[in-house]
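Each remark here refers to the structure printed beneath this line.
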């Protein structure tokens with residue numbers, strides 16, 4: 001691969017600074033600091049609610065500082081793939097990694113479409129090799145890939161002959177073929193397309209039949225290796241499904257199926273372990289200097305994506321400016337207005353582009369092109385602290401070869417070639433099979449640097465962020481490739497359970513990174529991570545920790561209403577302007593960001609409320625998972641989210657947009673928070689609040705905040721009365737009610753409270769000593785108001801229950 005000198009650049013760096021947005025961000029920071037100052041000055045004049053508000057708002061101010069730093073210098077890159085052949089005499093080989101783990105949650109038809117789209121990209125076929133890692137050791141997945149390979153012999157030539165732009169068959173045949181094919185209306189094309197459609201329908205039918213149990217079960221021939229295998233207990237299985245033996249550009253790329261060895265009581269490190277096995281096996285078979293990894297549902301949407309990435313990888317003046325190229329994660333068939341807040345459009349448009357302008361985007365785990373030498377632990381050439389990896393004659397040092405890469409002599413040689421920039425590999429893939437099985441064994445990594453200094457890093461379910469931190473810490477930079485059309489499109493989780501599970505996994509893994517030895521704080525203090533890049537990483541890594549102050553702050557309005565106190569300045573105080581200004585200006589600022597990229601006010605509101613739900617439910621469980629891990633009570637688990645293939649029409653988007661629930665305890669915190677605010681509302685409406693203990697009690701500000709929380713958790717309110725998957729399960733409601741009762745009891749009541757309740761002519765006497773008794777009163781009131789013809793209800797707080805006529809305070813009378 002020789003790079004010819006020319007004045008025409010392969011990419012252009014574009015600054016996206018907006019002085020108006022910067023001014024608003026600074027003004028919001030000024031308001032936050034002003035509010036903190038006001039609270040500090042008046043701290044002695046208020047109680048617990050003021051102190052909690054001060055602590056939470058201090059945290060929010062810190063987070064806002066991280067946001068400002070991250071967004072300060074946004075950058076975009078425009079690539080020119082048509083110039084690449086003018087600059088490069090020979091295109092470099094690229095190894096493509098596709099990972100899957102569960103054929104039930106990740107249907108094989110999705111994997112097949114992803115693989116077909118990658119095999120059909122505009123790149124010489126003999127320069128591509130596609131490796132599929134199956135951690136489920138599924139005969140169904142292997143069978144599907146075998147059938148897909150037969151279809152690929154028709155599909156790939158068809159795409160390249162007619163310049164088809166959308167090369168995932170399930171997406172192509174779901175749209176208008178005339179438009180998708182570049183308005184080719186010739187009879188020849190129409191006949192070819194009809195033939196291709198029939199062949200794809202046959203492929204889909206075979207895979208569907210196989211998934212129903214008709215997959216070959218005689219375990220002969222290619223399927224014999226799957227005999228007597230279990231998902232977590234099986235030897236290594238490597239199958240060469242397609243091999244480009246002739247080395248011709250117009251043939252098909254290599255296609256290799258891999259299921260690494262798994263044994264009980266041997267750690268396999270989830271996706272990071274699978275990626276390291278793919279790296280070693282590909283190093284033996286093809287040893288391409290560049291590696292692309294994608295999730296099994298992220299198909300190649302732009303057929304020229306490899307050329308776009310090469311513009312950045314080969315167009316930089318120094319290699320250190322581009323350790324990897326990250327593409328954004330966009331999704332297909334997202335429900336209208338993003339009802340689950342998981343399409344991440346605004347986050348990638350503003351925060352991610354801001355990170356791009358510092359030391360480069362974080363590694364996102366999919367849609368990323370890596371330099372193999374960087375994954376092998378190489379340092380930038382001009383770093384004074386570069387570790388000695390190669391000897392003077394280009395071989396790995398003895399310490400690095402044994403401790404770093406393992407005991408395989410063949411793999412050590414291939415790694416040395418890769419680190420030199422002169423990759424070498426055997427012409428025949430099958431000649432490497434025996435050694436490939438060796439490096440894929442579950443014991444190969446023992447006493448090596450894999451997962452520590454080499455390859456994908458271990459220690460977190462967010463292996464992508466951990467690996468990216470390790471790379472940036474060495475002084476490497478990364479670049480961002482966002483072509484039009486988008487490079488890759490994937491499947492966003494649909495429904496509440498899948499979205500919350502994904503967010504919990506992210507929050508758990510990110511907090512593990514923050515608390516690990518590879519924390520970006522250490523990288524900034526003692527290595528080469530830029531300070532602002534550290535701040536950007538911190539904004540990502542503290543997602544789980546944000547759940548604590550946000551949950552406490554969400555409880556404050558209910559607490560103040562139930563205790564007749566206040567945490568906001570009163571209406572007659574000038575400081576109320578600060579709080580109101582923060583609320584109004586921040587929301588208008590966020591709304592502007594949505595409008596600026598063509599999104600609606602409904603999308604803004606959906607993301608706002610889902611952010612509150614995610615923080616309360618998913619992120620709080622992420623904190624709990626890490627705490628249990630630190631206490632040695634459990635280990636964090638990589639939870640695979642369910643992938644859906646089917647495209648959705650507008651008529652079904654409304655149904656897809658409804659929030660769904662399941663029996664998971666992850667919905668208990670949100671249910672409890674909603675019930676606490678409903679209890680506070682009933683307390684206020686029924687006049688059950690005590691006399692204000694200070695100069696003034698709770699005011700309109702606390703009421704508005706309570707209404708805001710209820711609106712944010714409106715999907716949960718609907719879930720209280722919903723049916724099926726749209727209703728909160730009764731067990732979750734009961735658990736949430738118990739938690740809410742305990743919270744309300746701790747907020748409001750003392751063990752000396754006696755209550756006389758008269759509903760019509762019936763009299764109930766309660767001594768409130770236990771939380772469940774307040775729950776009993778609440779259920780009694782709800783039952784009476786909803787299921788009976790209530791005329792009069794009277795709540796009386798008694799000094800002495802023996803004195804029926806004497807009472808301390810008549811709390812409320814309803815009716816005539």
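The chain as shown is numbered from 1 upward.
Cβ coordinates come from backbone N, Cα and C, glycine included.
Quick caveat, the model's predicted, so the values are computed rather than measured.
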Have a look at 47-68, 69-90 and point to the one annotated transmembrane segment in TrEMBL.
47-68
Looking at 666-688, 758-780, 781-803, I want to know which stretch TrEMBL calls transmembrane segment.
666-688
Give the range, chosen from 498-523, 576-601, that TrEMBL lists as transmembrane segment.
576-601
What residues, ordered by sequence, lie under 8 A Cβ-to-Cβ from residue 135 (UDP-alpha-D-glucose binding site) and sit at least six positions away in the same chain?
99, 100, 101, 102, 259, 260, 262, 268, 270, 271, 274
Segment-segment contact (the transmembrane segment (666-688); the transmembrane segment (47-68)) at 3 or more Cβ pairs under 8 Å
no
Give me the long-range Cβ neighbours of residue 464 (active site): same chain, 6+ apart, Cβ under 8 Å, in sequence order.
362, 363, 364, 365, 366, 368
C-alpha spacing of residue 295 (Mn(2+) binding site) relative to residue 106 (UDP-alpha-D-glucose binding site), in angstrom:
10
Can you tell me which parts of the same chain pack against the transmembrane segment (613-632), counting only residues 6+ beyond its ends and a CB-CB cutoff under 8 A?
341, 499-508, 510-512, 515, 543-548, 550-551, 554, 665-667, 669-670, 673, 712-713, 715-716
